[in-house]
Amino acid sequence: LDMGHMVNAIGQIDEFVNLGANSIETDVSFDSSANPEYTYHGIPCDCGRNCKKWENFNDFLKGLRSATTPGNSKYKEKLVLVVFDLKTGSLYDNQANDAGKKLAKNLLQHYWNNGNNGGRAYIVLSIPDLNHYPLIKGFTDTLKQEGHPELLDKLGYDFSGNDAIGDVAKAYKKAGVSGHVWQSDGITNCLLRGLTRVKEAVANRDSGNGYINKVYYWTVDKRATTRDALDAGVDGIMTNYPDVITDVLNEAAYKSKFRVATYEDNPWETFKK
């Protein structure tokens, strides 16, 4: 996946997909009652980016639905997966379940159109704090209660805090999750981070008995770092410049080993070499 980073305004969906992104990441902020409120990052954010673009969450969902519904005039066939970077740091731990419920209701109504020809993209819920694992159950229970368990097929999970791999595995156990796991690793583009933990995550993915299905690395804006990440065997790279990732994927060394994922690829299935 060529993952466009910090896509928080509806107009940016087109912008990033046109540069080659087949996936986007969107920030979700919550109000004090655990309602998803805005698609907003705020200051500080990545170097060289405007941190302040935003929409009301439900408006963004409607724009995203248009971009991922075949037949819609705004439809972008290439856009297959969306990561919601859930900014739950503003919430108390005991609000995590509620946040999941409210998030699910919003997506069900405004993105999935209550199961009636809604958006088709796969959705990854990315949670920054292992203690907020009840958000997952809040979300999945709500989809079941509302009569749409089939949408769980479209749903994946990520803990984005760069925690020890063993601790992340425990959090998933508590959450009752087995499968559909993307493991992120990374840091803002203003700083450097090695690939030690990425390689650990890739090893877990390829071990046959690990919890990880896919690994992505963020935020990569340079060709050299892109090559290093691909050499380490990642499944996705999050970037402010999707065209940089596209360029590297077109280099002779990578063209034969990697291709950009399409909707027909299963994002929950570990790729066997």
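Even glycines carry a Cβ here, placed using N, Cα and C.
Note that this is a predicted model, so its numbers are computed, not measured.
As given in Swiss-Prot:
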- HIS5: active site (ACT_SITE)
- GLU25, ASP27, ASP85: Mg(2+) binding site (BINDING)
- HIS41: active site, nucleophile (ACT_SITE)
- CYS45-CYS51: disulfide bond (DISULFID)
- CYS47-CYS190: disulfide bond (DISULFID)
Task: Those recorded positions of HIS5, ASP27, CYS45, CYS51 having Cα within 10 angstroms of CYS190 (disulfide bond) - done: CYS45
Task: Env. residues of Mg(2+) site, Cβ within 8 Å of mean position of GLU25, ASP27, ASP85 Cβ - done: HIS5, MET6, VAL7, ASN8, THR26, VAL28, HIS41, VAL83, PHE84, LEU86, LYS87, SER126
- [ ] Quick one: give me the count of other CB atoms within 10 A of the CB of the residue listed as 'active site'.
- [x] 29
Task: Candidates HIS5, CYS45, CYS47 (recorded positions) with Cα within 10 Å of GLU25 (Mg(2+) binding site) - done: HIS5
